[in-house]
Every structure is written in C-alpha cells, then in structure tokens.
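Here's the structure, in structure tokens; my notes come after.
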Amino acid sequence: MPIGVPKVPFRSPGEEDASWVDIYNRLYRERLLFLGQEVDSEISNQLIGLMIYLSIEDDTKDLYLFINSPGGWVIPGVALYDTMQFVQPDVHTICMGSAASMGSFILVGGEITKRLAFPHARVMIHQPAGSFSEVATGEFILEVGELLKLRETLTRVYVQRTGKPLWVVSEDMERDVFMSATEAQAYGIVDLVAVE
C-alpha cells in the first residue's frame with residue numbers, strides 16, 4: 001500500500017487549531033525547496049514560482065534548495081539557474097543523493113560559500129545532449145548550432161562559479177565525469193561537505 005505524500009500538522013499564526021498539510025507545503029513555509037526528480041518544465045516552473053513568491057514575501061531570509069536529481073532538460077534547468085541568480089535571498093544548494101547533468105548545474109548555481117553536499121552524495125557533469133533521431137538534415141544543423149551555444153553557456157557558468165580554467169571544464173564536459181562529495185568540493189562545485 002503506497003503511503004503517498006505524508007501530511008503533517010501546521011498551525012497558521014493566529015489560528016487555534018492546526019490543519020493537516022502535505023509535508024512539502026509545510027517545508028516550503030520554512031523556505032526549504034526540493035528538486036527530487038528529472039528537471040522538466042513543470043518542476044522548473046513550480047520551483048521558479050516558489051522562489052519568486054518567497055522572495056517577495058521576505059527578501060531577507062535565505063532559501064534552501066535540496067537536490068537529488070539525475071539531470072533533465074537544459075532550458076528549464078537554465079531558467080531555474082537564472083531565477084536563483086535573480087531572486088534577492090541567497091539560495092543555498094544542498095546535494096543529497098546525486099546531482100547529475102543539469103542537477104549539477106543547478107547545484108553549482110547556489111550562492112558561492114553556501115553550496116553543500118552530503119558526504120555520500122555524487123555529482124556528475126557532462127555536455128548537453130540533443131535528440132537527433134528522425135530529424136531532417138536542415139533541422140539537425142540548426143539543432144547542432146543551438147547545442148553548441150548551450151554548451152558554451154553551461155561551460156562558462158561552470159568556469160565562473162568553480163574557478164576552474166576554461167580548458168579544464170571544456171575537457172571534462174566531453175564525457176561523463178563523476179565525483180564524490182569531496183571531489184566536487186575540490187572542483188569548486190560545492191563549498192562544503194557535511195560531516196557524518
């Protein structure tokens with residue numbers, strides 16, 4: 001029997017009785033956000049909306065984005081990254097489990113000095129991929145051009161936020177590069193590794 005999304009009691013200020021809300025809504029009220037799936041337009045838009053709402057509600061309290069993601073679509077991921085840079089509160093990024101592909105890009109986008117990985121977390125970077133099956137030659141050429149632009153954008157962000165030279169990041173993005181939490185810290189993707 002699946003348990004679904006757990007519900008927890010929550011009492012709004014000024015109310016006598018607590019109401020039961022799903023755990024994620026309760027945690028959102030504490031400014032704790034979760035990316036626990038592949039990045040797509042739906043989850044990206046939900047997180048963007050939450051970040052903007054919470055920023056408007058109080059732009060002095062930091063946001064905390066917990067990441068356990070296998071990656072996903074580039075454009076929704078870049079939109080989420082851009083929002084993290086746009087909102088006034090600092091966005092802490094915390095990798096638990098894995099932050100692969102677009103997940104690692106969002107992880108590196110946290111406020112510098114406020115990016116953390118749990119001790120057994122895994123991080124993976126690589127170049128963006130396209131879907132070339134059943135594409136006409138003209139469309140293929142356009143898609144390759146767009147992919148090259150996206151790759152350059154992602155590479156420059158990694159360079160800026162990790163402090164690694166362009167040639168190192170470019171070379172590493174040629175293939176899947178997996179890292180432990182301490183290796184991700186040495187690379188500059190995270191600033192701290194949580195202690196066990």
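Just so you know, glycine gets a Cβ as well, placed from its N, Cα and C.
What Swiss-Prot says about this one:
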ACT_SITE  Ser101  active site, nucleophile
ACT_SITE  His126  active site
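Here the Cβ of Ser101 (active site, nucleophile) has 26 other Cβ atoms within 10 Å, regardless of which shown protein chain they belong to. On its own chain, the residue listed as 'active site' has Ser101, Met173, Glu174, Arg175, Asp176, Val177 as residues at least 6 apart in sequence with a Cβ closer than 8 Å to its own Cβ.
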